[in-house]
Amino acid sequence: MSAVPLRNNKPGRAEVRSITVLGATGSIGESTMDLLRGAPERYRVEALTGNSNVQGLAKLAREFKPGFVAVADPARLNELRDALAGTGIACGAGESAIIEAAARPADWVMAAVSGAAGLKPALAAVDRGATVALANKECLVCAGDFFMQRAAQAGACILPADSEHNALFQALSSGNREELVRVIITASGGPFRTWAAADIEQATLAQALKHPNWSMGQKITIDSASMMNKGLEVIEASYLFALSPDEIDVLVHPQSIVHGMVEFSDRSVVAQLGAPDMRIPIAHCLGWPDRIAGPSARLDLAKIGTLTFEAPDFVRFPGLRLAYDSLRTGRGATTVYNAANEVAVAAFAAGQIRFGAIARLVEATLEHWTRSGNQAPLTSADDAIAIDHDARKTAAGLLPQIAAKAS
């Protein structure tokens, strides 16, 4: 039994739904809060968490009046308590408090804590059978099989909250699993879509951060420039929808209007279109199984005029190839891929390596891990976190060597 409901056969919900937002002060969290703000009669906030933006978190808490608020940094607990003095809102700090927030009895949980730190809180929500809007990549990239099995066992409902997987989720409902031929994830191509390989190699941080369509944080914008983000999305799609690598294609689509497509055995291709606005897929998750009115601009195809598509270049963007390789390898390779990429992106942002060295560091880390013989199925969150930790350590150790080769 899948934890992702590919057929909408549930009745709509008229009652007020209780909501928890993990990562409320991040970009996904802010979009979620914006949607909640627009429909106070439909939603009641149970708990909110944030990383280190205590004042932003406190402001949201005063507005939405949740029962519990938690900040990830334990050293900020007193600051949070002071900011919420007189409200009667319970406060917590640290990993245990974030997990406590996720475990509270909310109908719907937005899992938007970034990084490996988001895995255990998401599992806490899953274990009580909640509906979880999943915006944390690491839950799937680092522990996909384990995470989805646990969700199915608990009777949890996993709704993909990012634009591409939400598009596939919507399109897949048009047919049955045995009728599926492939899914197609679209990619903008990023700022270097038309650049020569030699120019991509030397790209600066400022150039990498000039995404043509989306407004995102630094790390994901760099991932978009390298197409590592699309590699991560291929991995996520495989675990979310139980697809083999051969059933997942990537298509470059510079306008970012078509977010995902599904081809069925009768050769019909069903696509989901929308403006590049994260509130659209989040609204779909928030309203599911109904649809709710959202604040996003309506799509005007006549104004856009032209939609174009092209094949991805695995030579200029080797990070995409490495994602497919790690997915086929399995047994923790996707965890290594993600961890090494995070180390590489941080090194590039700090000026330690060239842009082109990001993929080389990821590949070197994967090769080192393969030679180590430490591959084994993941059976717990701690297994995934241990592989993630070891891969980061390996990547950091290989960093001087990769940097020297590029100089």
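The backbone N, Cα and C atoms fix where each Cβ goes, glycine too.
These numbers come from a predicted model, not from an experiment.
A 10 Å cutoff on Cβ-Cβ distances gives Glu138 (NADPH binding site) a total of 26 other Cβ atoms nearby, all chains included. Among the features that Swiss-Prot reports, NADPH binding site is placed at Thr25, Gly26, Ser27, Ile28, Asn53, Asn136, Glu138, Gly217, with the record citing sequence analysis.
For His211 (1-deoxy-D-xylulose 5-phosphate binding site), the count of additional Cβ atoms within 10 Å of its Cβ stands at 18 [all protein chains shown]. Annotated 1-deoxy-D-xylulose 5-phosphate binding site per Swiss-Prot: Lys137, Ser163, Glu164, Ser188, His211, Ser224, Asn229, Lys230, Glu233, in sequence order, evidence recorded as sequence analysis.
According to DSSP, Glu164 (1-deoxy-D-xylulose 5-phosphate binding site) is assigned to a helical segment. The Cβ of Glu164 (1-deoxy-D-xylulose 5-phosphate binding site) has 24 neighbouring Cβ atoms from other residues within 10 Å, across all protein chains displayed. Residues annotated as Mn(2+) binding site in Swiss-Prot: Asp162, Glu164, Glu233.
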What's the CA to CA span in angstrom from Gly217 (NADPH binding site) over to His211 (1-deoxy-D-xylulose 5-phosphate binding site)?
11
Nearest recorded site to Ser27 (NADPH binding site) by CA-CA distance, among binding-site residues Lys137, Asp162, Glu164, His211, Glu233:
Asp162
In the chain carrying Asn136 (NADPH binding site), residues 6 or more apart in sequence that have Cβ under 8 angstroms from it:
Gly23, Ala111, Ala112, Val113, Ser114, Gly115, Gly118, Leu119, Ala122
Name the secondary structure element type, per DSSP in three states, that contains Ile28 (NADPH binding site).
helix
What Cα-Cα separation, expressed in whole Å, is found between His211 (1-deoxy-D-xylulose 5-phosphate binding site) and Asn53 (NADPH binding site)?
25
